[in-house]
């Protein structure tokens, strides 16, 4: 856990100045708050005729001055703490999205989407507790405790030892004990929360099928079960919170009482005067604030450690393949696969496959499910690297081509393309963010979707809904194809572009692809034999694959 917190603390380094301001304001503010009752006690002692270090008037002025300044200092401390916290949260989100971009697509294919959403939202928000209410309070608590140990110890060294033991018990021992005892519950709570997010996300996506097949009860029962697990873990965390409060209450009574009893004996023997017996008790009672703040966040730190671990693990995770930035830039003219083999999770997918594809040709790749058709496209995109053999584009090994150059020369259409909840124009514009409306319309014409769009009431400004739910499968596929045409890469890789659409839409898409092959090289993965009509070359993966 220590290594985790050190990783999290590294993010605060650019904000060291603000952290120093927060700590300074916190230390001075807490000391002022602590010394208000101390000076008040001295003032009472002065009225009773005991000798005190300052005059009554000075003590009263100091009390009012400290009370007035305390508010401003507390505000300044919290302002700096929350500025640090929300700046670091923004930095964390940036690092998470950078990690997702780095890991995509290979490492994210089988990741639970709900879990990722939970990480970007809930897990990051939980880190606010650490950066706003833990980091500087720990430093403040340490400094204030040292000052108070010296002050209380100035009356008698035993008082100083008791004060030190008090602060260690409340500010160190209790948080460590609670963190260790409840760490598993904290991790399970975050796992249950992510699992519930995943399940709810899937349920909402498949709501039509759930009602169609009448499995509402089963889904509700599972949601209830996951929710019960989440509630049980939260209950355990609350139990640890109750234990913390109970032990804190014990410490606040026991340690000051011990000073009072020991001080009473010293007073009876004449070793100290009456104010020196009372002031250490008042000082200890009024100085619990900084260490109690640490003790009370111990329960929340259980969630912080679980969320922080998930975030740091993602940020530090290595991609399947590293981005190439110091390689070659190419212009596509041909593709070659030379005796390539690839296995995934110990399963042999491809074994000794070779092919050559010249410029402006259409290759149709067929084969049964699981024969490696989609895997071959992903290897060509360098989502993974081959176990053996080479894939070359324009006579250059793709492992030596700059990733940016590879992406410029390739366009990839997946079986179920993703449309964003935006307008049709903006969804097509993803292919080239610098494109104007005329470029978008030309791409739509190539995909044979322009006529359909113009018939819509809002035309290209029509919103497609979440994941394109307001459009049919064929319409979504053609909009995605327009996106590819707008990207204008010379090599098009299409994975089952007609699998979920009717024969009419299939014919439209195949016609568009045939027309595009005038200046494009197209690799078309499909299980339908109808693609043979537009292809110049044909590859059957079922005949090639060897198990």
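Positions of Cβ are set from backbone N, Cα and C atoms, glycine also.
Annotation source TrEMBL lists domain 'ABC transmembrane type-1' at 21-303.
For the domain 'ABC transporter' (335-547), the mean pLDDT of the prediction comes to 88. Taken from TrEMBL, the feature domain 'ABC transporter' applies to 335-547.
Within the chain carrying the transmembrane segment (15-36), a Cβ under 8 angstroms from the stretch's Cβ atoms is held by residues 62-63, 66-67, 69-70, 73-74, 76-77, 80-81, 83-84, 87-88, 135-137, 139-140, 143-144, 147-148, 283, 286-287, 289-290, all 6 or more beyond its ends. Sequence annotations record features per position, and here TrEMBL assigns transmembrane segment to 15-36 (among others).
Annotation source TrEMBL lists transmembrane segment at 48-69 (among others).
Counting only same-chain residues 6+ beyond the ends of the transmembrane segment (129-151), those with a CB under 8 A from a CB of the stretch are 8-9, 12, 19, 22-23, 26-27, 30-31, 34, 77-78, 80-82, 84-85, 88-89, 160, 163-164, 167, 171, 283-284, 287, 290-291, 293-294, 297, 300-301, 303-304, 308. TrEMBL lists 129-151 (among others) with the feature transmembrane segment.
For 157-178 (among others), the entry in TrEMBL reads transmembrane segment.
Annotation comment: TrEMBL describes 245-266 (among others) as transmembrane segment.
If you look up TrEMBL, you'll see 278-304 (among others) marked as transmembrane segment.
Residues 152, 156, 158-159, 162-163, 165-166, 169-170, 174, 272, 276-278, 280-281, 284-285, 288, 292, 295-296 of the same chain lie 6+ residues outside the transmembrane segment (245-266) yet bring a C-beta within less than 8 angstroms of a C-beta in it.
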